[in-house]
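Take a look at the structure below.
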Amino acid sequence: MATDFSKNAEERPEPCTADVKGNIPSWLQGTLLRNGPGIFTVGDTSYDHWFDGMALMHSFNFKDGEVTHRSRFLRSDTYKANMAANRIVVSEMGTMAYPDPSKNFIVKAITFLNHTVPDFTDNGASNFIKYGNDYYATSETNYIRKIDPVTLETQDKVDYMKFLPVNMASSHPHYDKEGNAYNIGTSIAEKGKTKYMLFKVPAVSEKDKDKNVPALKNVEVVCTVPCRSLLTPSYYHSFGMTENYFILIEQPFKLDILKMATAYMRGVNWASCLKFCPEEKTLIHLIDRKTGKEIETKYYTGAMVVYHHVNAYEDDGHVLFDVIAYNNSSLYDMFYLSKLKKNPGFHDDSYSKPNYRRFVLPIHSDPGIAVGEDLVKLKYTTASAVKEKEGKLMCQAEVLCEGFELPRINYGINGKRHQFVYGNCVEESALSKQIAKLDTETKKMVYWSEDNCWPSEPVFIPRPNGEAEDDGVVLTSVINTNPGQSCFILILDARTFKEIARAYVKAELNKDVHGFFIPQGSE
């Protein structure tokens, strides 16, 4: 049974108790939020790309063995404008919105001018971010929307540009034990320079505790890294962080700023201004978190496209980082709705299967080492970093597995050496019919799947005071296309990857992107 990924979803804002089969552990208390596109057609207009759809947020609240579900559309300015006009009037990455043909010349001229320097959408349909004590729905533009994590009501619109000069920002920040958030944004042609900006949003201080001020007010720029080319910054979706370092991959998948400025006039979408340059190397930046300075060694690898970092850690003078990497940029094209409609469970010959790659960066490169020598001294990986002329290191990754995406770990060991990763299997296509647990040491995988079921990104929740890395549960929301059956939230024992419970919800679930778990008491 196929599922229609371009069908408009319905929101269910009132909490509804799910029908639980099995036993949910008594310690599992909190809320899983999930976010993704939910509206694809407004009036007679439709989005061209799945990622462009207007955000629908889901919440699954776990309390004393019960699950309560609700969902709500993000009431962004984008949503309000589109709904008021009964047509798509705000452009997204894969869909340009043009004025109604009946509008007069002046309106069209103003619309045209407004698109030369794009004012991006606030349709945060990718993920959730926690800054201070506040939760935000986010995509990758300079706008994020504060939400109430309990009711899913939309609150303030926040513009990064009011706090630091970034035109785009990642939707995958990192968090430390103290509650500080770290993120990265791109600053386009600010004072004639285009650069990447790593910033820290501090945890809420005592003096701000009772004030209603955004945590971004206290943002600190940790470091800036100049782009290799002024008008074509690299696209990134996430970055790596260890105890002492940040890892930024400057890949040859770039946004052409000049093309973006003329895209509207040329009648093409902004996504067409992204360009993959397979002849170029990927540059890896290793940045010292304490000094904010880049390590002098220049690290390179072949051309690749990375969306998701898995984890990074340090070991004996090396920084290791794991990513899900593609050989080209075809993944985005897989999600044009024309492709999804044509072949909903599709296998497409142009699909480039990702692989799980481990890179190793020797932190110090001794000038006395000969050209051609491998500087990686760790015995448990086949990754290499070979010295080239001018002291550059050419890095080759170890491939741990293939056809694996949306990786999640036990975030309690983020930045430290990990053994287990949970993710979606995408062997045949970008749409996943099964999830898996990967043991990075033995390279073995265990799977969960069920006929006519489409699981979302799996999220690991640790058992309080659990001792082992995989002591906890894995949660995934499942679209169920079996006739007469409901969609459900699945609870797996993370150690065995066996089902311990499922909660059938009284609503249709839609394909989403990312999830965020809020332990009870953190709301």
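Note that Cβ sites are derived from N, Cα and C of the backbone, with glycine treated the same way.
Remember, TrEMBL labels are computer predictions, not curated facts.
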Would you please say which range out of 1-20, 21-40, 401-420 has the annotation region 'Disordered' in TrEMBL?
1-20
Provide the number of Cβ atoms within 10 Å of the Cβ of HIS172 (Fe cation binding site), excluding the reference atom itself.
20
Summarise the region 'Disordered' (1-20) as counts of helix, strand and coil residues per DSSP.
0 helix, 4 strand, 16 coil
Could you check the binding-site residues HIS237, HIS308, HIS514 and say which one's CB has the fewest neighbouring CB atoms inside 10 Å?
HIS237
Not counting HIS172, HIS237, HIS308, HIS514, residues with a CB within 8 A of the CB centroid of the Fe cation site are SER126, ASN127, SER170, SER171, SER238, TYR307, HIS309
